[in-house]
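J.: Heads up, here are the entries from TrEMBL:
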{"type": "ACT_SITE", "residues": "HIS467", "note": "active site"}
{"type": "COMPBIAS", "residues": "1-10", "note": "compositional bias 'Polar residues'"}
{"type": "COMPBIAS", "residues": "78-100", "note": "compositional bias 'Basic and acidic residues'"}
{"type": "REGION", "residues": "1-28", "note": "region 'Disordered'"}
{"type": "REGION", "residues": "58-100", "note": "region 'Disordered'"}
{"type": "TRANSMEM", "residues": "112-131", "note": "transmembrane segment"}
{"type": "TRANSMEM", "residues": "164-183", "note": "transmembrane segment"}
{"type": "TRANSMEM", "residues": "195-214", "note": "transmembrane segment"}
{"type": "TRANSMEM", "residues": "220-242", "note": "transmembrane segment"}
{"type": "TRANSMEM", "residues": "334-353", "note": "transmembrane segment"}
{"type": "TRANSMEM", "residues": "384-402", "note": "transmembrane segment"}
{"type": "TRANSMEM", "residues": "507-528", "note": "transmembrane segment"}
Amino acid sequence: MSARDQNGRSSVIRKLRRSASANERTMSELRYRKSTQYLFDQNGIPIDLRQYRKVLDDNGNNSAEKKSRYRRTQSVTRAEEITTKEEKQRQKQPDKPCHRPRDSLFSWSSGFSNFTGLVNWGFLLLTIGGFRLCLENLLKYGIRINPIEWYFFLSGKNQAEGHASLFLILYSIVHISICLMIEKGLALEIITERLGMFMQITNIVVVVILPVIITYLKGHLFTLIGATTVCFVYSMIFLKLWSYVQVNMWCRQAYFMRQYNPRERRPSITLAQLKNGQLNEPDDNDEDVPVLVQYPDNLCYRDMFYFLFAPTLCYELNFPRTTRVRKRFLLKRLLEVIIGVNVLMALFQQWIIPSVRNSLIPFSNMEIGLATERLLKLALPNHLVWLCFFYLTFHSLLNAVGELLHFADRNFYGDWWNARNIDVFWRNWNMPVHRWCVRHIYIPVVRMGYSNSQGSCIVFFVSAFFHEYFVSIPLQTYKIWAFLGMMGQIPLSTLSKSIERSLGPRMGNIVVWASIILGQPLSIMMYYHDYVVTHFKEALNSTTYNEF
């Protein structure tokens, strides 16, 4: 018999076995069955046994072989069967056995996962340790919380010679107006595309460079809080104007394409729609659906300032809106902002400032052991301040602003605390910035032909620049520690991914938390040291180290 015939017969047998009536129990009876009634294949097609009579007869000759071949496999192994029988025999013994095969709970094979008590124990232990440090701080430094000093520090009283920060913030309206006027000129085709984009790029670059020049030349006119506020406002304006210009460029290209190429392919209409008179007009004229703003109707001050104050960095012509303001929700968020600001200032005065000052001389003298002790001592209060700042900013403040402006997209953060590597953390920690980076840097760079890794490096470079921008300019201490710290996230991301693959997501998450808890206080100590050395070098030389 040829191999082709054998394959054909085997396929017939498989076809019959997959049918609704022909299974392992009835295959032996098919050879004697003369009627094809109620015998169908898996597609519902009747099976004619007369076509397969010879195949079935040949299959019947080898019934013993087929029976052994298609015998159902046992559900348990021989070892499990012996173990079960042994267990039953042990239970019948008069010694009343109480032991059985079991793994320890800490073993992975045990399948035990309820460690709630240990989590409570760790939380209680952490609370007791934090309370001890708070008590030690109170006994050593007394109560340092002074709201009057908060007012002097935040208002800048006796710290500068004028109100340069306020004037510089108000001056930003000039750059905003220039951007809007250029966009109107481009929409009306008064300005060419190439000239308009050159003017927009120049205007946006000046926005981010202007605070650097002014604070460098007139640094004595700015307080620390004032300079920080100026850098923050101008950075947000830079990112928002970038998005505004790029989105309007996309809309302008589509607008001119429709204007100069009016022939567009229309969607097909079914015969039933023609008979019933159902076209697209009723949906467009629905009174319940709001009319969307179209380009270039969005080029006005009202639309521009709504975007500038909205809790987002990515511009759209039509943002999702809520229908009403939830007064109770808004009141809760405002109370959280007020209470949170006071908690942050109290932690700074009572805990952060003494710890940072105590780390100055050990860090200057490169006393590794003592500097490490100061770093670990600063890690806990700094981490508490960072967590409070996260909740205060990304949940309380942004939700309050979104509620007032009827802004419906409240996805300001993800579950970064569950991040299994550094990349996941940066994608979930600050969603407005992440969304802006992906939309206006990463995707355009990748479409230009660069690889995904190169696009990620460019995103980290831009982020590193602004981290350094926020720190160096207000302190007037131009170092690169924050920049290097952000660029160091690239190899740290590779390391965390490697640990995640080899040791599991839990160890990758521990690496993320360790970088957050230890990296920030180290950066604070380095910048405080450089700030004191830069601005108070003579006083530092006359300072003698005292063990606090």
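Just so you know, glycine gets a Cβ as well, placed from its N, Cα and C.
Please go over these features one by one and say how buried each is and what sits next to it.
T.: The Cβ of HIS467 (active site) lies under 8 Å from the Cβ of ALA482, PHE483, GLY485, MET486, each of these being in the same chain and 6 or more residues away along the sequence.
Within its own chain, the transmembrane segment (112-131) has Cβ neighbours under 8 Å at 105-106, 380, counting only residues six or more beyond its boundaries.
The list of residues near the transmembrane segment (164-183) in space but at least 6 beyond its ends in sequence, with Cβ under 8 angstroms from a Cβ of it, reads 156, 191, 196, 199-200, 203-204, 206-207, 210-211, 214, 218, 221-223, 226-227, 229-230, 233-234, 237, 241, 244-245, 248, 296, 299-301, 304, 308.
Nonlocal intrachain contacts for the transmembrane segment (220-242), taken as residues 6+ away from its ends with a CB within less than 8 angstroms of a stretch CB, comprise 153-154, 156, 159-162, 164-166, 168-169, 172, 175-176, 179, 200, 203-204, 207-208, 210-211, 307-308, 313, 315, 433, 436, 440, 466, 469-470, 473-476.
Remote same-chain residues near the transmembrane segment (384-402) are listed as 309-311, 329-330, 333-334, 336-337, 340-341, 343-344, 347-348, 352, 408-410, 412-413, 430, 516, 520 (criterion: CB distance under 8 Å, separation of at least six residues from the stretch ends).
The list of residues near the transmembrane segment (507-528) in space but at least 6 beyond its ends in sequence, with Cβ under 8 angstroms from a Cβ of it, reads 356, 359-360, 363, 371, 374-375, 378-379, 382-383, 386, 418-422, 424-425, 471, 475, 477, 479, 481-482, 485, 492, 495-497, 499-500.
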J.: Mind checking which residues of the chain, 6+ beyond the ends of the transmembrane segment (195-214), have their Cβ under 8 Å from one of its Cβ atoms?
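T.: Tertiary neighbours of the transmembrane segment (195-214) are 164, 168, 172, 175, 178-179, 182-183, 185-186, 227, 230-231, 234-235, 237-238, 241-242, 245, 249, 469, 473.
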